[in-house]
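> Sharing a structure with you now.
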Amino acid sequence: PLRYISKYREFVKHEAVKNKSQWKTMGPAKVAVPSPNDFLQKHSKEPKLAPKKKEEDDKKLRPLSVPQRTYRPVTRIKKNFINKNAVAVIRGVPKKPRPFCVDTRQGDKYPLEPSGLVPKYIKKKNYGVTPKYVTRRNEEIKREEEEYEARVLEQLKKKAMKTLSDEERTNILKALKKNWEEINHAYQGLPVLTDTRYKKIHKEELELKLKQLEHDIAAIEKHKHVYIADV
């Protein structure tokens, strides 16, 4: 059989040649080659100063100054360094000997001050004084505690319980007793025979409501002061 040849073969070749560019994968076709005369020369990148003109140099030359007749040069006074040194030694304060510590029989010694044996640290002016960063940190902690306590007190005040007045207490008692009478009237009107499930459930609900109302009425009558919490 003959080999299969697609009818779109020529169209695909044409599209491939049309959308292909020489510099997409292999770079530009032709690159300009640098000239061999453009090589880097020594001191070529250093800034070049403009050449000095002879006229400007002549103008900058200072005129020669001639001393006047009344000029008298200052003569140096000779010092007697031997007498000066002798006076300095006589008037000078004698140097105190440096304290040393000897720790062996052979006489090995070392300076006493940097050894740590001299109580030099406790003689400082700021010895025993609390550092500034510690006092600052303690003040910040104290301020944060005070702010926290103030915030807690404010929240407790918001959530504090309030007492019922006598008028509110009597009104609540009247409403509870009236509700108890209505439910008791409904309870008394129930049939004697509870043969269905609905009747049993209805009777149990009325009994629970009556018990709850009796408990609330007894609690309010027993306690003169009633507190209510804001939840």
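Placement of Cβ uses the backbone N, Cα and C atoms for every residue, glycine included.
Note that the structure is a prediction, hence the values are computed from the model and not measured.
Found this in TrEMBL, in case it helps:
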{"type": "COILED", "residues": "136-170", "note": "coiled coil"}
{"type": "COMPBIAS", "residues": "40-61", "note": "compositional bias 'Basic and acidic residues'"}
{"type": "DOMAIN", "residues": "136-228", "note": "domain 'Enkurin'"}
{"type": "REGION", "residues": "28-65", "note": "region 'Disordered'"}
> Restricting to the domain 'Enkurin' (136-228), report the mean pLDDT as a whole number.
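On average, pLDDT over the domain 'Enkurin' (136-228) sits at 87.
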> Looking only at the domain 'Enkurin' (136-228), how are its residues distributed among DSSP helix, strand and coil?
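Each residue of the domain 'Enkurin' (136-228) counted once, the result is 72 helix, 4 strand, 17 coil.
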